[in-house]
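As recorded in TrEMBL, the features of this protein are as follows:
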| type | residues | note |
| --- | --- | --- |
| BINDING | HIS211, HIS216, HIS391 | Fe cation binding site |
| DOMAIN | 1-514 | domain 'Lipoxygenase' |
Amino acid sequence: MKANDIMSLPAEARFSVSKATDMILTVSKVLVELSLQSFLSLQNRWSGFHQIHQLCQWTRTRTSRLVEHLWMEDWFFGHQFLNGANPTLIRRCTEIPPNMAVTEETVGASLGGGASLCQEMERGNMFLVDYRLLDTLTANTVNRKQNYLTAPLILLHLNARNQLLPIAIQLKQSPGESNPVFVPQDLEADWLTAKTFVRSADFADHELRSHFLHTHVMSELFAMATLRNFPMVHPLYKLLVPHFRFTLEIDALARQLLLSDGGSLKEYTAVGGAAALEFLRRASASLTYRDLCLPDDITGRGLDAIPGYYYRDDGLRLWEVIHRYVGGVVRYYYHSDDEVIRDSELQSWINEIIVFGRLGDEKKGFPKSFTSVLELTYFVTMVIFNASAQHAAVNDAQLDYFGWMPNAPVGLQCPPPACRGLCSERSLLDSFPDMNSTVHGLAAVYLLSKKPADFVPLGGSAEQHFTEAVPMEMAARFRNDLKRLSCDIRARNVGLKLPYVYLDPATVEDSVTR
């Protein structure tokens, strides 16, 4: 969108009075809390983990308290790739990447049971996380101190107990003597330091790619095309516009308060400034239609069968509920594929999305026009899912998993270890971001995770713009389907040590508003 600040936005795209008031009160509350903690202006390093605990306790949730106790555990490190704040990067590993210096000998002690690496890959038990988009980025300077970013490769093994465990970490993309492959058998401090560099890389990837680009920016693109091409009486305007409520203003604020000069992301994180812009260019260039369509994304990453992947389980069921609702509405208004083809406003809508989103490359896989009811239904399902469910999955988990700073440092002030045996608790503490950087990071995730006072759940305004009886009946069925799914998820969560709550329809917001 072309908007220098929020005052440039039309009135219908602005926050309501209650939303604006809630934002002001929330910011004020956070700033009061931070000044009481007396950390906001301190550029000191940490004397020990007890000091980090003192700072982080004001943002604590039930889950973040568990994270503080579990963050060093290997099984929890693996768990986060499936059910943490960034569950979209892990994929099944069918062959070791040529730039990862891992052999049978490297990981033999971790596999156990006499199994070989090749055998475990054939059985579908090996998984890879690759942060290559971070490679060669120039990390930010924070408090006049150079920060460091790595682009790790992580190999994980699903063991007989269905635990996903890291068995090899290479912190840079290019193998070499100064880029060792760390394994669980290394000294505890070396292994923990390697995992911490991974967690810092995950914070950077999460905030810019899976959160800002895939949900905020894409929803903004869809919203702009909707407002520019559909009259208010068009059925797709009625279907889509509830899912763009407040999105334009929150994105304008994100650019102003997080990404621009003086913003928290630019000033206090390792991936801020020029690194953020270059990373977003790379992430945009690599974005595909499959990335935004959950069923295709899960299959493409080879994760249809891995157990305990609740983001997948809940997400696919929620996708199906949305798809069933969208399909019913679309079929009510479009009785044939020919009617889809002849709708000039619809074709103009998808054309603007492709042109202004720079999505025209054939390799990206986006449709450049709509030729069938099924194709249109799938695309609109993707739009609604990403504006609601996908945003909830990557946004609402932030305070839980990032609220304990060592589990997601906003930056690291020491270079990655170039050899084994030199790490210690002291060196890890020295690498953590300064106190004021930590405070700004925590304040940001606190604000983004807080449920707004005027929260509208998914489906809560589904019939708002329809007047015909049939679409209104479909909206009612949609809400009933969401309620049933919510009951199922809550029943499942009762038995989990770490409940996965982020795709419970009752907690999923209808649009990107924070």
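Note that Cβ sites are derived from N, Cα and C of the backbone, with glycine treated the same way.
Whatever TrEMBL says is automated annotation, not expert-curated.
Around HIS211 (Fe cation binding site), a 10 Å sphere centred on its CB holds 24 further CB atoms from the protein chains shown. Within the model, the domain 'Lipoxygenase' (1-514) carries an average pLDDT of 93. Its Cβ taken as reference, HIS216 (Fe cation binding site) is surrounded by 22 other Cβ atoms within 10 Å in the chains shown. Taking all protein chains in view, 26 other C-beta atoms sit within 10 angstroms of the C-beta of HIS391 (Fe cation binding site). Apart from HIS211, HIS216, HIS391, the residues listed for Fe cation, the same chain places the Cβ atoms of SER210, PHE212, HIS214, THR215, SER219, GLN390, VAL394, ASN395, VAL512 within 8 Å of the centroid of those Cβ atoms.
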